[in-house]
Structure formats: C-alpha cells, structure tokens
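S.K.: Please see the structure below; I have some questions.
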Amino acid sequence: MSSQQEIRYLGVTAPISTDRPKEDDVKSSEALMGDLVALNQFESEQERKVRERLLSNIAQLVSKFVHDVSIKAGMSEKVATEAGGRIYTSGSYRLGVHGPGSDIDTICVCPRHIYKEHFFGEFQDMLRAWPAVTEISAVPSAFVPVMKTVISGVEVDLLFARVNLAEAGDKLDIEKDEILRGVDDASQRSLNGPRVTDMILNLVPDVATFRTALRTIRLWAKRRGIYSNVLGFPGGVAWALLTARICQLYPTAAPATIVGKFFPIYYQWGWPQPVILKKIETGPSNMQHSVWNPKLDRRDMAHRMPVITPAYPSMCSTHNITASTMSIIKKEMLRAMQITDEIIKNPGSTWISLFERADFFSMYKTYVHVVASASTSEGIKDWSGMVESRIRTLVQDLENTDNIILAHPQVGGISNVFYCLSEEEQAVASQGEVPPELMNRKETDIEGKEGARKIWTKNFFIGLEIEKKPKDGQGSRVLNLFYPSKRFCAACQGWEKYNEMEMSVILRPAKRSDLPPYCFPDGQPKSKKKTKRGQQNGTNDIGLGDASEEHSQGPSKRSKATPSDESSSISYPVTNETSNSSIAASPIPSTVPLPNGADPVPPSILNGNSNAALPLPPPGIENLPPLSATSLSGFATAANGVVHDGHSGKNTDGLVVLNGAPQTASS
C-alpha cells in the first residue's frame, strides 16, 4: 500500500497536500521551536510537578466533598464512596500549550444529588480551609458559574457540572453526547470545555505538530493584541480550532509549514463561510440543546467569522467579533503572512519578528479612554471585569457613530494605584487625568496623613480611525460620543453589584498627545509610525464634541481603602522588541520532538525553579486511596504526551488518553 493510501484524512474535505516535510521545512521548524524555548513558552519541570500535585489534590478534595455531602444526605458509606466526583481540565493546559504562569481551567463533575449550592457552599469552605489557597473569588451567578482561585501561586478556575447520573466515578465518559441528557445549561457549557478540547486532539493528524503550531499562533495573537474573546477577538478555543483545521488540510506537514499556511488561508478565507473540523451533528434524539445553524437562527446568520466547535452542541466560538475587530484581524494576518513568507524563504532564520509586540498607542491619533475606579483592591477586580465586558458593545456603538471608520479596543488595559491626600485628588484620579505629583507619589508618602486614601483604577483604550477630511475642505467634522457614552455608562451602572460610593466609570475622548504618561513608558513617539499596510488612522484636526465626562458614575467621596501588597503603583505595558529576521534562531533542544509529542524541557528551564516547594495537601485527604489511572488521565496535559485507548504500554499515568484509533498520518 502506498504512503498516500495509508494517510488518514480528517475534516470535512480532503487535504490540500500530503507531501512529506523537506529538509528546509524541518530546519525552519527547529528554528521556530528554538525561538519558542528562548521566549520562555514552556514551563519548567518543577512547575509541571507543582501543577500535577495541585490537580491531584483538587481531585481528591472533590471526591471527599461528594462523599461528605452524600453522607449528610443520608446515604450509606458504600453508596457515598461510589458516588465518585471527578475533575477534568480544558483549554491551554489540556491541549498542552500552556506556559509559565498560565492558569488552569478545571471542571468539577458531580453526580445528580450534588447541587451548585453545595459546590459554592461546602466545597468553597473546604478550599478556604486549605492553607495553600491564597485567593478565592466565587461567581455563582456567572454565565458559566466559577470559583477563581490562586493555589500555591497557580491560578485555577474551578467550574461546576452536575450530571444526571447517580455516580460520577471512573466509569464516567463525558465524551459521549448522552452525558448531556438532563443537565442544565450551565453544566452543559462547563462539560463542553473538556469535551471540545479532547475532540480537537482527536481531530488533528499529529498532536505534536498541532501543539507547536498552536503555541506559535497563540504567542503571535497575544503580542499583536488580537487574543481576547470578551473584546471581540478570537479567544483560546477559536485559535485552537483555526490551527487544527490547517493541520487537517496539511496532515503530514512540519510545524513551520502549518504556521506558514495559516495566515494566507485565513486572510483569503471566504467569510462568513464557517471553519469546522467535522460535520455538525444534531445530537441524540429528544435533546433540546441549541446547535449552530445560520439557516434557522438569525443570530447565527450575523456571525462574521464563524469558527464552530466540534462537540455537540456545536457553537460559534467567535460570535463576539465585530466589524472593526474583523478588519484588525485581517490586517494582522496580512502582516504575519508577509513576515512568515520571508522567514520560510530563509530556512533556519529566526521567527522573532513575527512576535514583535503591537505598538497600540502609535497606531491612532484619536482614542477613547475608559477609566474604571474603585476604593478597594478587591472591588476593582470585579468592577473592572464587568466594565471590560461592556467594551465590545461600546465598540459596536462607536462603529455606528458619524466620522468613525474603525474602533480598535486595546487588549489587557492598564492598572494603576494612586495615593491621594485629599478628596479632590481622589476625584482627579478617578477621572483619568492625573498630574505628575500624584502619578509619582508612593505609598510611603501618605502614611500617617489624615484623609489619605488609595484609589485603584483600570484603564481601557479604544483607538479610532477617523474619516479623512474632504478634499474640498468644506464642512466641519465633529466627533460626538454623547450617545455611545451615555449607553455605556448606563449599562455599567446597571450592574447588580454597582455601588456609587465605591465605584465609578468615565469615558472621554483623547488625542494621542493628551494620553496619560503611563501609556508611553519609553516616552511619547514624535510621529505616527508608517506601516506597510497603509493603515489610515484619522487626522488631528477633528473636533472632539461633548464626549461624556458628564456621564461618569460615582461621586468623589469614597470609603476608606483596604490595605494591599502592591509593590508598584503603576503597571506599564511591555515595550516593543526589535528584531532582525536574518539573525540566527535560538538553538533547538536535542530532545525535540519526543516520541509521544511531549514538551521539551531544556536544562536552562529545568533548573530555573528547582527550589519551589510542592503544595501541601488539603486537610482531610490523608487517608484517601490514590487516584486511578483513569482519574489521572482526566486532568492530564498533552504537554506530557498523548496515547490512545488501544495503547499497549502499561503505564499511562499523567498522559492524555484519547478514545479511538490513532490519528497520526504516517507512512
């Protein structure tokens, strides 16, 4: 049988090419991996051990939680023990593309007699009794209920799912669609995290190639400021699906080839033609979960760049994309296409230029500045998160405003802490126009002074591309943000936890020259950078009409702030990195690739954090039996490698076990 016949085709169409990697492709891929290592995209061995120990402890704690609640409900010891309780991971950790400092999305799956109230009650109490837990923020009313925690320095988002089964032990198979029968919408959304993640791993021809390519795409998207589902850009799931589809189209290609094909294919994609990894299925009979279908649902028809999840019920992972963010994504794809073309023409050259950070504050001459402020460090977290969730709607309103061609939201925002000596300074800080003396003041400067308080702010910026002035020079152009501002501030003020004595939000237009100093840690640029894309970002002579400072929410008087451990009053954005594509790439570790696709761990990284202590276990799990291999596989990461359920080896502990036949396309 020929090599061509032995390749297993995945996806909804035949591959574009099944050519084997050439020597130059391998050389470019090795250079790419070397750059990823040099850019610290892989966690150390010690960090890996901390995460694995942490997840094992959480898994045992969930099992104890289910057991204890079952006993309180009057069940026998035998039934309570068999009730189980499992955890699964999803997102970047499960896919094995996480790096140092990444969070872990963890889903706690419980049997039907365990309710959300138990999870946010008894289980939260058990977490608070664990000395390793330093932060807990519970949001039971969220679209996907979650407990955001920090455990031994690792951010762990704990989601809850209740299945309609008496037991949730080792026999539980969440990959089968029947698991969704009888579950509520919140549990369905939580369960689909690991279901989608594992299906992606099953639908790519080679997991190791996919993961290297996805690490590259994620790093590029983050540094170019187009990685944020909440602000209208693709999020982690969407970028993974887009990368997986290219892997299906080139099932035998090297990682560098996948990356090189990624940008031209999606730049020229016939949107709104959807990107799908497999045929969309309607699911088992008598299930009512809504499936993406633009022929039946007007909302689905409005999606501009649909990228569809493969697991039932299929949903659009990019429904938040706006006209502006779509335009920005395509411009960035064009830039990346031009860069990668040059890199691939010179095998072995560095990829660093692809990852140059976008200089957001040099892109436009007019901006909208949104300031969310609060009088406590805890208050600013929830408040700024809520304000950020409304930015996308503000962008859509700005798109419909006269004279505005494009509205570009900055991803991330800038956080500040200001040390105020008076109520007047508190009001100034919350307005976003901070004088130098307040900007430079430190916490020690206000110690022991009467009336001194802290103000926490989170600043969001939207760059505006303005219509050019008419050639005849007739007519004035006024940027009137009255209605977008009014709608935005009213939406923020309508939040159920809004407290006008503790929180405020304002929106104001600003020319680049009027932006706060913390936007320019290296000094304000003298002139706008000219780009090859020929992006036009408006002119300086547009008039700024009534913007909305009168629509700011909250008075200047605030309650006394609580102490915090901030070591710096202002967090600045990271400066750009210059590079030359002709320089040699970083050396590739000799351990790449490993036979099962596991991550390389170079000695420089391996020894970087060797003194970190493993987390202490939570109280009460000392006498619990060790976790089974099945349980361990549920929260393993593909960074350790993957095997299939027909694997003949004896030890699969710590590996992702995929259902079905191996998907590798090999001769």
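Just so you know, the numbers here start at 1 and follow the chain as drawn.
Cβ from N, Cα, C; glycine included.
It should be emphasised that the depicted structure is a prediction, and the values quoted were computed from it without experimental measurement.
Per TrEMBL, Mg(2+) 1 binding site is recorded for Asp103, Asp105. Residues or ranges marked as Mg(2+) 2 binding site in TrEMBL: Asp103, Asp105, Asp157. If you look up TrEMBL, you'll see 553-577 marked as compositional bias 'Polar residues'. Residues or ranges marked as compositional bias 'Low complexity' in TrEMBL: 578-591. As annotated by TrEMBL, domain 'Poly(A) polymerase nucleotidyltransferase' applies to 11-204. The domain 'Poly(A) polymerase central' annotation in TrEMBL covers 209-356. Per TrEMBL, the feature domain 'Poly(A) polymerase RNA-binding' maps to 359-529.
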S.K.: Give the residue from the binding-site residues Asp103, Asp105, Asp157 that has the most other Cβ atoms within 10 Å of its Cβ, counting over every protein chain displayed.
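M.R.: Compared across Asp103, Asp105, Asp157, the most Cβ atoms within 10 Å surround Asp105.
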S.K.: Over the domain 'Poly(A) polymerase nucleotidyltransferase' (11-204), what does the predicted model average in pLDDT?
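M.R.: The predicted confidence over the domain 'Poly(A) polymerase nucleotidyltransferase' (11-204), as a mean pLDDT, is 95.
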S.K.: Tally the residues of the domain 'Poly(A) polymerase central' (209-356) by DSSP class, grouping H, G and I as helix, E and B as strand, and everything else as coil.
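M.R.: Summed by class, the stretch gives 73 helix, 5 strand, 70 coil.
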S.K.: In the same chain, which residues outside the set Asp103, Asp105, Asp157 have their CB within 8 A of the centroid of the CB atoms that define the Mg(2+) 2 site?
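M.R.: Filtered neighbour residues, in order: Gly91, Tyr93, Ile104, Thr106, Lys148, Glu155, Val156.
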S.K.: Rounded to a whole number, how many Å is the Cα of Asp105 (Mg(2+) 1 binding site) away from the Cα of Asp157 (Mg(2+) 2 binding site)?
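M.R.: Counting only the Cα atoms, the answer is 5 Å.
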S.K.: Roughly how many Å separate the Cα of Asp157 (Mg(2+) 2 binding site) from that of Asp103 (Mg(2+) 1 binding site), to the nearest whole number?
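M.R.: Roughly 7 Å, rounded to the nearest whole number.
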